[in-house]
């Protein structure tokens, strides 16, 4: 057997022994472009026992077959470690995956790299699931046991987090960013608690205080009557069905399909549960959620037996409350839609009674089946732990073969660079830095783009914004403008178009500075003077005009031209400016029916300002006949708004009237 160093065309290198042109014995091989490293024993071109190190620092140490991980081995990826069997590159059949930072772990059977068969999953807060699995999800029969409510992990995301489950990382070991970013959302639930009923009397009043609440305006009169006459305990029972919401368990926080499990209307409100209370669910699971028949029971006496759908009470069932009262019937998304409630006259419906009884029997059978599956899962877990211990021995043997291969490589080629140890050192250094400076590892929220409109005031131009194209912008003439009493029709039309494009915030600016705060013209008036002004360049001349720093480059006259008052009135009637549209319609067109004198006072104050703003802008009587459509829009706009407001007011008064009568 000979040996040496061989460089591949793709940038990889093999340094070690070979036989008949194939790697044989001990050696080190790097991947394309020198990325990744395998060191260990070889047999006719294939890895046998050794370790592979990725550039990210993730490692595998164990047995190989036909170039794939096969047999027993240990994989370290990110904050997780898998110890157990491997089959053609995938995890399986028995193995244990555990977190390096929390108690989270899975022990059981695997298939194609996912949990499949029977197993036990322990979550970051100590809660457990024991039962059947399929395709990496809880599927079949199983038991979900929570820890005391005070110790349960607060899950703040509909996505799974690495604290709560095992399926929280990508293939390269990096944690999903969505799970970290969603920690800022207000949705907070306790792991393993789905029977979250808001039993507080004040919350009951708050829940039922809305105008359009269920049962107030168009609902049943009996519900309102029972609420007014019953005690606090009956209020609690009456609101349990309406306000109860589904809470995802801690295991549900990382499933790729566990979206929409939380009703955001009640997320910020926490139930008043004793810190020592625990909850257990025994029954059917489908696609990682409670689906089918099952029983959910709390240690304080609360219990539900019946049908489930997507972690919610859905179908027929019976709920027993801690005080001994109960409600039974048909549920739909945690709401009792048909059945028997406390303090209400029982519905004499034998079919409903029979369906409830059948649902309870089905739930009890499912719970019994789940308990038998738990026993099988525990036996599979014991076997998986034994395989994990054997995998540790295989990893130890792989490390020994790795050391031999490194010694052989150094002997054959002293200058050969072995990247594996550097990958591991870099990963360890990153871990130390993360512990010393945890605040640096917190991903900062991406800044809002600079072009976001809320970074600037209204009426101002963001810095760095491109200049308007000549097609839609007008620059003043190169020659210095002189004060003139007469204007040609084209300039008058351009100024009138300027008035129409004034923004809403210009009204205040014109009143205060009528000569220097003119807003930029809009594209509506650009077409009027396009042929005359589009090809000219802007020549600043501070002697005759003042350039407004907040708008585009155009001049505003320092001396307002004098016009007869008749022209201003005619122009006001023909082409109203935006300031006139802002101040006049509300007092003139519509006023509240109860107060008549106040709008008159506002009208008398608003007209001088509007006229003053109009007089501050040059006008041209020649353009009065050019905008009848603007006049119609100004007259029709406030009318439609007034009609809508009056209709809404009438509807609101009618609803209040009916509400008080009922």
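Using the three backbone atoms N, Cα and C, a Cβ is placed for every residue, glycine included.
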From 208-227, 228-247, 248-267, which range did Swiss-Prot mark with region 'Disordered'?
228-247
Residues in the repeat 'MORN 3' (60-82) grouped by DSSP into helix, strand and remaining coil:
0 helix, 19 strand, 4 coil
With DSSP as the reference, give the number of residues of the repeat 'MORN 4' (106-128) in helix, strand and coil.
0 helix, 16 strand, 7 coil
